[in-house]
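Asks: I'd like to ask you about the structure that follows.
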Amino acid sequence: MSHSAEPLPMTARRSGPLTGTAKVPGDKSISHRALILGALSVGETHITGLLEGQDVLDTAKAMQAFGAQVQRLDEGEWRVNGVGIGGFAEPEGVIDCGNSGTGVRLIMGAMATTPITATFTGDASLSHRPMGRITDPLELFGCEVTAREGKRLPVTIRGASEPVPVRYKTPVASAQIKSAILLAGLNAPGETVVIETEPTRDHTERMLAGFGASIRTEITDEGRVITLKGRPELNPQPVAVPCDPSSAAFPVAAALIVPGSEIRVPGVSRNPTRDGLFVTLIEMGADIRFENNREEGGEPVADLVVRHGPLKGVTVPPERAVSMIDEFPILSVIACFAQGTTVMQGVHELRVKESDRIDAMAVGLRANGAEVEDTADTMTVHGKGVLGGGATCASHLDHRIAMSFLVAGLASERPISVDDGGPIATSFPDFLPLMRGLGAQID
Ligand code: S3P
């Protein structure tokens with residue numbers, strides 16, 4: 001569903017110490033994949049901890065449109081009765097993926113090797129994002145693609161009736177590209193191979209293996225070579241979705257910058273392909289403890305204990321960008337409250353996310369008194385330990401931009417507002433009550 005409601009302005013004010021437990025929602029990446037793999041299995045997949053954000057709800061609706069039975073049993077508890085690989089039915093209507101790049105790209109992959117036709121659309125943000133990075137490799141399987149100028153949505157795909165397996169080296173480090181190809185490869189005979197030069201998040205590989213597909217990853221001179229045997233029988237598995245480290249980043253950041261804070265964030269995924277923000281924060285001197293390290297649902301998780309304390313600027317090397325790609329907006333806020341310069345390198349992909357995140361953060365932080373420089377591929381923040389605040393920032397239909405500025409306002413001298421907090425519901429529907437429960441002043 002596209003975010004078309006009236007704008008929802010929000011303001012965050014300097015708050016007293018944040019304390020308590022922040023139970024953040026289920027991982028967005030894993031939630032999309034659980035629904036899609038459930039729909040591609042024969043039989044019943046039981047999911048707990050599913051993120052009930054709009055992005056994931058749109059994927060659930062899409063899976064129903066392709067013929068799967070998807071049912072909500074309780075909060076975060078869902079049941080999917082799948083149709084099997086190659087079993088997708090042709091949807092009656094257009095598939096509206098709302099704001100979700102992950103949703104639309106993974107679903108395009110999942111249907112591209114089944115001989116049905118589907119048209120995909122999304123909101124104003126998604127309609128500006130590049131789809132050629134997905135449709136180009138999908139065409140190699142034999143599907144036909146029609147898209148708007150610049151390979152943007154709406155896109156219509158006529159799935160391949162005689163798909164062939166593909167060997168593809170991803171030109172940009174993107175888990176969405178990798179995952180779309182692997183999902184398409186499920187219904188191609190023989191072996192589909194994806195080669196990536198940087199290790200992007202590996203939830204698709206982990207979950208496919210868990211559902212019984214034959215998939216292996218080898219590290220070679222070419223990069224990470226992932227090989228999937230086509231036409232497996234996927235066996236439904238219970239999926240326990242861990243808490244989303246990308247959502248945990250917001251209360252964690254708030255606790256780090258609001259003096260006197262100490263919070264606990266239980267059950268957060270510590271998948272090494274998603275861990276870059278925590279690595280960086282530790283380098284900045286952040287007081288974060290990881291307790292009860294354990295495995296849940298095939299993913300490493302831990303309980304986080306986070307305390308306010310002094311932070312220093314650091315340089316984030318380009319090879320780390322992919323493991324924290326969604327966390328740079330909030331890191332740029334934390335960097336304002338550190339002493340010294342933080343340089344974020346290799347971040348060009350931020351320019352094609354839900355918004356141009358480098359521009360959105362640079363413009364908004366400058367308006368609030370920060371010293372920020374940006375180039376095509378870098379963002380630099382000269383941290384002074386404080387932020388003036390006082391400005392209203394544009395969220396550009398981007399949940400992470402809205403949440404980042406609201407967290408900044410909890411520690412800035414004057415309040416910080418966002419023009420529209422509505423998009424927060426795409427990934428973190430309980431952001432406001434959760435933050436208020438810790439003592440944050442946001443209205
Ligand atoms: C995602 C991959 C990332 C990330 C997005 C979720 C996924 O995108 O930014 O929020 O679930 O695969 P790219 O793989 O395109 O970098």
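Every residue gets a Cβ built from N, Cα and C, even glycine.
Sharing the features that TrEMBL gives for it:
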- ASP326: active site, proton acceptor (ACT_SITE)
- LYS28, GLY101, ARG129, GLN176, ARG357, ARG400: phosphoenolpyruvate binding site (BINDING)
- LYS28, SER29, ARG33, SER174, GLN176, ASP326, LYS353: 3-phosphoshikimate binding site (BINDING)
- 15-433: domain 'Enolpyruvate transferase' (DOMAIN)
- 1-25: region 'Disordered' (REGION)
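Can you tell me where each of these features sits in the structure?
Replies: Taking Cβ-Cβ distances under 8 Å and a sequence gap of 6 or more within the same chain, the neighbours of ASP326 (active site, proton acceptor) are SER246, ALA249, LYS353, ARG400. In the three-state DSSP reading, ASP326 (active site, proton acceptor) counts as coil.
Cβ neighbour count for LYS28 (phosphoenolpyruvate binding site) (all protein chains, 10 Å cutoff from its Cβ): 26. Secondary structure at LYS28 (phosphoenolpyruvate binding site), taken from DSSP and collapsed to helix, strand or coil, is helix.
The secondary structure of ARG33 (3-phosphoshikimate binding site), as reduced to three states from DSSP, is helical. Sequence-distant neighbours of ARG33 (3-phosphoshikimate binding site) (same chain, 6+ apart, CB under 8 A from its CB) are LEU106, SER179, HIS203, THR204, MET207.
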Asks: Given ARG33, ARG129, ASP326 as the recorded positions, which ones have a Cβ positioned under 6 Å from some atom of ligand 1?
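Replies: The qualifying recorded positions are ASP326.
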Asks: Taking the Cα atoms as reference points, how far is LYS28 (phosphoenolpyruvate binding site) from SER174 (3-phosphoshikimate binding site) in Å?
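Replies: Roughly 16 Å, rounded to the nearest whole number.
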Asks: Write down the Cα-Cα distance for ARG357 (phosphoenolpyruvate binding site) and SER174 (3-phosphoshikimate binding site), rounded and given in Å.
Replies: 16
Asks: Please report the Cα separation of ARG357 (phosphoenolpyruvate binding site) and SER29 (3-phosphoshikimate binding site) in Å, rounded to an integer.
Replies: 19
Asks: If you measure ARG129 (phosphoenolpyruvate binding site) to SER29 (3-phosphoshikimate binding site) at Cα, how many Å is it?
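Replies: If we compare the Cα positions of ARG129 (phosphoenolpyruvate binding site) and SER29 (3-phosphoshikimate binding site), the gap is 18 Å.
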